[in-house]
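Database features (Swiss-Prot):
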- GLY124, GLU125, PHE126, GLY127, SER128, GLY129, LYS130, THR131: ATP binding site (BINDING)
Amino acid sequence: MSSKKRKDAEVAQARVEITPDLDVEELEGVGRVTGAKLKERGFFTVRDVAFASVKELAEIVGNEERAQQIVEAARKMLGLHSFVSALEVYERRKKIRRISTGVRALDELLGGGIETRAVTEVAGEFGSGKTQLCHQLAVMVQLPEERGGLGAKAIYIDTENTFRPERIMQIAKARGLDPDQALNNIFYARAYSSDHQMILVDQAKSIIRQHNVALLIVDSVIAHFRSEFPGRENLAERQQKLNKHVADLLRLADAYDVAVVITNQVMAQPDVFFGNPLRPAGGNILAHGATYRLWLRKSKENIRIAKIFDSPYHPEGEVSFRITEEGLVD
């Protein structure tokens with residue numbers, strides 16, 4: 001890359017990195033009244049608008065033409081309105097941050113840990129260790145970078161009432177953190193329905209803007225959707241709603257440089273006679289929505305097996321780890 005092109009790329013990237021907190025009213029064509037309407041619906045910053053869909057904004061500002069102009073202005077301000085070279089994408093990916101799982105073998109399987117700007121799905125049966133991993137990640141993100149963390153806070157959305165602060169304290173103590181402070185660094189909310197779950201994700205944006213948050217956990221992403229939309233007759237409506245939820249999570253991860261971890265339940269395939277009859281719930285929506293997909297399963301005693309079964313660049317592979325009083329360990 002020539003020095004001029006490299007400088008242009010650096011300027012564009014710098015613009016992306018320094019603009020996220022610009023108030024939405026800084027945008028051309030957005031005055032106080034429109035700004036108030038956008039903020040009421042969760043669009044506080046230029047970056048919020050840049051990652052929104054035109055249809056989404058049209059419902060707020062009144063028509064698609066004006067919404068298109070506002071979205072384009074936001075993307076232009078962030079340098080997101082044009083193509084870039086693959087080399088520039090590669091340079092940006094070098095700046096991706098990772099959170100250690102606390103299990104060396106699992107980190108190696110994931111290429112260094114859980115990535116920011118991505119959605120990582122963790123699927124498995126009841127008792128396979130999904131929630132245990134979520135608890136551990138909520139602690140690990142708080143560690144300094146030299147110890148595998150990001151020196152940051154976490155947001156934990158609990159849909160099945162499985163979050164246990166006592167477990168956080170155990171893991172924190174084992175990792176040399178003050179247990180009370182570790183709990184104080186986790187923003188927790190219980191989601192009571194799929195609508196509430198989606199509202200909480202919108203509210204999470206405000207917390208991320210105001211605090212040093214680098215991890216958002218949704219445990220589990222599918223539970224309310226399955227219980228509220230039973231039967232084939234409701235499947236299309238469920239998947240449409242789930243699709244919006246997953247898209248919101250992907251946008252949030254990319255817009256705010258946070259790691260999003262979602263857990264997923266499993267379902268049986270009655271027509272499978274050989275191999276594993278179980279598959280992750282959520283169908284193609286979750287299959288295409290998650291950036292990385294992990295499958296956890298039980299082995300003997302307290303041993304669990306983690307397999308990466310879908311990734312843009314990781315090869316398939318599996319590793320084992322143990323669940324102990326101190327957390328997940330090799």
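Using the three backbone atoms N, Cα and C, a Cβ is placed for every residue, glycine included.
It should be emphasised that the depicted structure is a prediction, and the values quoted were computed from it without experimental measurement.
A Cβ within 8 Å of the Cβ centre of GLY124, GLU125, PHE126, GLY127, SER128, GLY129, LYS130, THR131, the residues given for ATP, is found for these other residues of the same chain: GLN132, LEU296, LYS298. Here the Cβ of SER128 (ATP binding site) has 22 other Cβ atoms within 10 Å, regardless of which shown protein chain they belong to. Within the same chain, residues at least 6 positions away in sequence whose Cβ sits under 8 Å from that of THR131 (ATP binding site) are THR162, PHE163, ASP219, THR263. Summary for the binding-site residues GLY127, GLY129: the Cβ-based neighbour count within 10 Å is maximal at GLY129. Just so you know, of the binding-site residues PHE126, LYS130, the Cβ with the fewest other Cβ atoms around it within 10 Å is the one at PHE126.
In sequence order, LYS130, THR263, ASN264, VAL266, TRP295, LEU296, ARG297 make up the list of same-chain residues 6 or more apart from GLY124 (ATP binding site) whose Cβ falls under 8 Å from its Cβ.
According to its DSSP assignment, GLY124 (ATP binding site) is in a strand. The secondary structure of GLY129 (ATP binding site), as reduced to three states from DSSP, is coil rather than helix or strand. Around the Cβ of GLU125 (ATP binding site), the number of neighbouring Cβ atoms within 10 Å comes to 14.
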